[in-house]
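Lifted from Swiss-Prot, the feature list:
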BINDING   460, 466, 469, 470  Mg(2+) binding site
DOMAIN    38-148  domain 'tRNA-binding'
DOMAIN    406-482  domain 'B5'
DOMAIN    698-790  domain 'FDX-ACB'
């Protein structure tokens, strides 16, 4: 929302400086985005050439006597179009040309003093190409006035709930409530007949007296009013109105159109002016027919449907309600009769129509945020009077149609809530004053309980908490008391964000997939019971809520492989629905292809099941679960390879699964290469804090020993790891670094190579202790699995 300082001061009586005003705006929640202060352009003046004579020393130059409104100056000029009586732009001494950054000084040109420069459009950066002559101004420019509008322009961000602040008057009201100034009252005379100052009977749709245009509403959700102004003389807007609109980025069209834009910017009341002679019969607010076409004021043609409200007569559509007027009835300089519309349209309908048609206008922006229904008639009076004042003509009575819910919104409010929930110290009289200045009517029902009537322009205020916010906002967020933090407060860390950081650090890319999947695919993954069936799926491939993220990740993997991305690591955190209870959040990841991108430093290798296991363990460690406290068992999920997968459990509860995906599952997605994956249910981790395990500094040297056992191929590797871990308190780490089966080994046998780390927290281990622990490991594995030591 852009406005000038002088525009604001028409609505706000204040002695505050520009800086004080902008600071206060930000403090009350109307964030100042930008302030453009054009005072550096104050030296460019509207001037008039009084006399032109040849330069005594140069044929191509001329001596000009120029009136700048206060004195006559001598200017040397070489422009071909300089002549007596011409109004142009004078760059006064001390001003700086925008194009060249040249500062104007008294200069002798071929022996003759020049006291300024007569400017071309390109020198003022008003034209892209170099101008051939100096600027020629129309007669409505007054000599001595500043050429540029040097009024500071303030640009603020307005949140979607504050449609009332999409107007200069609404902004002034908020500022006045802070005590920085006083809101000026809305006083106007009206060109509309005096007996028609209100809308008393809206049940009489289309009431009219002297207008030749009637109105009707049949879309069931709109209200429209209007006035017919005859015998107008439309023309260019006066300079003050042009300057005001152009300063906030609006293009001047004509006096009638500019007046409607001026009312919109001043009071937040969108309006539309029709060339009344182009309207045949009634103006009707209705739903468009499918396939109807409409050409807007912007010259574009739009294909409409029956969700879009339009305003039409017997033959043509003249506007899309609340969004844009039609080309067929636009006001031009030849317009003599005007129908001026002031209406209320449903914000949701305007928003939907605007999105469907991809049209965004100043009008739709305001209607979508709910304009003030209480200002419909006032806006009509303001605009009609301005049109009659500037363009002449005679206004009819008001016509209106449709329904408008003007029921008063009242909120029961305990003023003690302000200090209780806002952590401020505001006196009741101060609260009462703030609410009154914001337009709320407050009746004190009891000492503590107030009955507050909400003004028509504040549709966002509906509950007591809204009133608490209003008081605290105006009183000052900077006055909220500081509260010391309580000692030993546990900081809640976002689990999902921590896991995302971890996965990305391990080379994964995050993806987001649908929460739906195909029931037939789910059944092939072993999910057949307790599925969440969707009653109205948008297609049969998405007819259940997903019981696992893995199938969706496999589909993403397949799509990437088809497009040449055979090396892939992706993960997702999202809800899964594996029972009829509430959804649970899962972390799932997939790897395929090589473990590293090709490079000349390292040799890549194909990913394997141990990569997936390492990913899962890294995720579990975020929950303070060390690898030593985990048990590994055969995978419970049917879609993993039975001999190359596992379940990691913590405190007898399954926390995650990992493994190579079953070949039959990969065939479903037409994947021809090895894929490994993992998944964990975050709720299964309980209420453990999400933090790294405290580092233990072992002061004594650790010792590593490698063991290779020959065991039957049906022995679970996880079982061996678990028993070795638990065999001694001196063992700090156990991991598999090699699995072999093939030549020189019986078909039903395999070799499992373990690396075991020993360390004592109290002393450095001696060889006898290490040998004792090693023998215990060999005996333990042989006793429980029949495995024999191959080498150490």
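Cβ coordinates are placed from backbone N, Cα and C, and glycine is handled just like the others.
Structure coloured by features recorded in Swiss-Prot.
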residue : record              : contacts (Cβ under 8 Å, 6+ apart)
460     : Mg(2+) binding site : 161, 162, 163, 466
469     : Mg(2+) binding site : none
470     : Mg(2+) binding site : 434, 435, 438, 440, 461
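For the domain 'B5' (406-482), the number of residues in each DSSP class (helix H, G, I; strand E, B; coil) is 32 helix, 16 strand, 29 coil. Excluding 460, 466, 469, 470, which define the Mg(2+) site, the same chain contributes 458, 461, 465, 467, 468, 473 within 8 Å (Cβ to the Cβ centroid), listed in sequence order. Under DSSP, residues within the domain 'FDX-ACB' (698-790) fall into helix, strand and coil as 28 helix, 33 strand, 32 coil. Within 10 Å of the C-beta atom of residue 466 (Mg(2+) binding site) sit 16 other C-beta atoms, taking all shown protein chains into account. Assigned with DSSP, the residues of the domain 'tRNA-binding' (38-148) fall into helix, strand and coil as follows: 3 helix, 41 strand, 67 coil.
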